[in-house]
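Visitor: Got a structure here, written out as C-alpha cells. Questions coming.
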Amino acid sequence: MVRPRGLPEAVAAVPAAGIVVAVGAVSPARAWAEARELLPVVGFLAAVLLLARMCADEGLFEAAGQAVARACAGRTDRLLGGVFAVAATVTAVLSLDATVVLLTPVVFATAARLGARSRPHVYACAHLSNSASLLLPVSNLTNLLALEAGGVSFTRFAVLMGPAWLVTIGIEYLVFRRFFADDLAAGTSEPPPADWPRVPVFAVTVLLLTLAGFVGTSLAGLDPQWAAWAGALVLTVRALRRRRTTVREAVGAAGPLFCLFVLALGVVVQAVLAGGLQEALGRALPTGASLPALLGIAAVAAVLANLINNLPAVLALLPIASGAAPGPCSPY
C-alpha cells in the first residue's frame, strides 16, 4: 500500500477497497463482514490514540522526561536506562504510536538539555516502539488483531508475552550499551534539573484505572475497548473544560482516517487472499503447535511483514493460522 505524498493512507486504501468490491474480487457481503469483524479492534485503537494524546496534553511525557533527567545524575548510562524504562512502559501501556510521536521528541529534548549525545536515546525509542510492543494487546494494532483471532483474554495475553518482553528489552539494552559506547562515554555537559517534576496525578490515576479496567473487562468477558474509551473520555472532558484542546483536535487525535485505512485495508487483503495468496500461504505455513512449526510460522510472518508491512501481513496470515479462512465453499 503506497501512501500519496502528504496525504493519509486512507486516500489510497478506501478507493482500492471500493475497486475490489466493484470488480467482484470481494463481494459486498464479505467486505461488510470483514469491516464488522475489525470494528472492535479499530474502536480500541481509536480510544488508545485519544488516551495517549490526552496524557500528553496533561504533561505526562514531559514529566517523565524531566524525571529521567533528574534521576540520571549526569550519568549517560543511567539516562539510557531511564529512557529504556520509560519507553518500554509507554509502548506497552499507550501503544508504539505514543512512543514514536509523543515520547521521542521529549527524549531528544531531554538529552539536548543535559548536553548528552542524543543518538543512543532516540534510537532506543525507535527500537523499543517495536520490541516493547509485545507485552499487551493495546501495545500494537497487530496485537489487537491477534487477540481477537486467538480467543485469549487480555490478562492471558500479557502472561504469555511477559517473559519474551523482558528478555527482548534486556538484550536490546546490553546491545545498546556496547554499540553506543562512544556516545555514552562522552557524558553530559549540563547539570541535571535541581528539582523533581510535578507529577500529573490526575492523568496517572486515570491511566492506572484504565489498566485495571482492561483486566476487569477481560475477566468479565467484556470488550476491553470500553475501559479504554472511559479513560480517554474522562481526560478529554477535563481537557475541554480547561480549554487545553477542542472537539476537533480531540476527534483528530483518535485517528479517524487511520481507522478508516485499517478497515479498507482489511477488505483489500481479502481480495488478495482470494486471488491466490491464501492458497500460497496455506502451503507455506507449517501445521501443528510444535516448536519447529511455530518457528516456521514466525519465519514466514517475518518475511511477509518485511515484504508488505506488518499490518497487511497480519491481516493475511491470521485467518489461515487460526483456521478461520473462508474455504472454497464459502458464500463470500
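Along the chain as shown, the residues are counted starting at 1.
Each Cβ is built from the backbone N, Cα and C atoms, and glycine gets one as well.
From TrEMBL, for reference:
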DOMAIN    7-326  domain 'Citrate transporter-like'
TRANSMEM  6-26  transmembrane segment
TRANSMEM  38-56  transmembrane segment
TRANSMEM  83-109  transmembrane segment
TRANSMEM  158-180  transmembrane segment
TRANSMEM  201-220  transmembrane segment
TRANSMEM  253-277  transmembrane segment
TRANSMEM  289-308  transmembrane segment
Visitor: Please report, as numbers and ranges, the same-chain residues at least 6 past the borders of the transmembrane segment (253-277) whose CB is under 8 Å from any CB of it.
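Guide: For the transmembrane segment (253-277), the sequence-distant neighbours (Cβ-Cβ under 8 Å, at least 6 residues beyond its ends) are 1, 8-10, 13-14, 16-17, 20-21, 25-26, 30-31, 34-35, 37-39, 41-42, 45-47, 49-50, 53-54, 141, 232, 245, 311-312, 315-316, 319, 325.
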Visitor: Report the listed stretch (6-26, 158-180, 201-220, 289-308) having the maximum count of Cβ pairs within less than 8 Å of the transmembrane segment (38-56).
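Guide: Out of the listed stretches, 201-220 contacts the transmembrane segment (38-56) most.
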Visitor: Near the transmembrane segment (6-26), which same-chain residues lie under 8 Å Cβ to Cβ, leaving out any that are not at least 6 residues past its ends?
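Guide: Same-chain residues near the transmembrane segment (6-26) but 6 or more away: 34, 257-258, 260-261, 263-265, 267-268, 270-271, 274-275, 332.
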Visitor: Compute the average pLDDT of the predicted model within the domain 'Citrate transporter-like' (7-326).
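Guide: Averaged over the domain 'Citrate transporter-like' (7-326), per-residue pLDDT gives 92.
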